[in-house]
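Let me begin by presenting the structure, written as structure tokens, before commenting on it.
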């Protein structure tokens, strides 16, 4: 099968490493690459023959991080259909929007089901099928009757690079999520890029900490590992737990993990309050999906003895765009998201002209991993694909070593009386305060300056900080116009389902408070 498709890459891995561990559910069972491939092939056949799935159909999936999700996700793609993973915590109204916007033809869930998703599917007259795998030697049970169709094998299905494979919605800074269709080629290209930059091989092993309905956990954690012949462990609870994370990492001989900064901070807090007697020797730790403050990077390296590689990614790029290299390939720079990986990247001004090093502009990309455009959104496509490049909406610059530095989202830069303030810079200062665990800066409307800067912080466990403490600290470390006018002390920051802190949502949350 074509290695320009994800399905082809995984078939090649199953032939090359049939007996190596591919997927484990912690404390329950293990699947080899050959066994996983067999389960995927059988499930793909059932989707075609018994569920009536045709090439190009969209199939929605809503599961915790389970083996059934992995099998059914890959079976949908193998059946030449498009997988649309959805957050199991959505309301019925949200499910209705996403199922409708994606034109889903089928809803897949665990045997326990998902009442809001099923309610929405029923309203839209979308069929519902459950999937269950009791143990490693069992057949996958689908809640759809066996047909007498002669199509009993997926071997007749030929996957093509331009087949639709994945449909996701952006969580971006705009209020209306945009639908992002991605192809087999997009997925295969991204998996190859991730494998290459981190030198993933069949000897690697990781534990999934991020939800698999999000592109970060799905591509960087799961698919790149499977595509390298490596091993993936899913937590027994189907989601991240700070309590079981290190025991799982040790039990399954993990060599690396990838997470968002908020998860890294939770892991650090756990290390401070309940340290392990020893930690596994990791090749690297990866951080992506939001800016990692240099102070957090250094704390992670000090605590766990592994290089922390910050990367830069977007749904529209099928995740990875740039990354800091492994130590043997060059320095990793705190505060930088590294060098482009497997694609062209340029800094453009508003006229579409490429900028020289150290000059700021919009980060733009093009390559085989990049979506061809948003679904049914000509306005977003016109703005997003100018001058022959995809426009990320991020402001950044290359240094003279070719490393990318991000300043912030175009829409998140705070314009205080004409002074442009990067909230990322303020975040970094907040996180150097010894008593601050998490912190985020954001812009708010202001009659005098147009916009003013505010921030919210979570104190470290067992400490107390005041608004005056934070302001005084910021005055020592920032120019006067960058010091937050108001500081919210809190024990919780609103996050997206993937653990990202979005400034727009944080600003709304705290502005609603008196």
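Glycine too: its Cβ is placed from the backbone N, Cα and C atoms.
Keep in mind the model is a prediction, meaning the values are calculated, not measured.
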Candidate from 105, 111, 500 that Swiss-Prot assigns to the same oxalate site as 289, 314, 319: 500
Neighbour tally for residue 170 (ATP binding site), based on other Cβ positions within 10 Å of its Cβ: 17
Counts by DSSP class (helix H/G/I, strand E/B, coil) across the region 'SBD2' (311-374): 6 helix, 24 strand, 34 coil
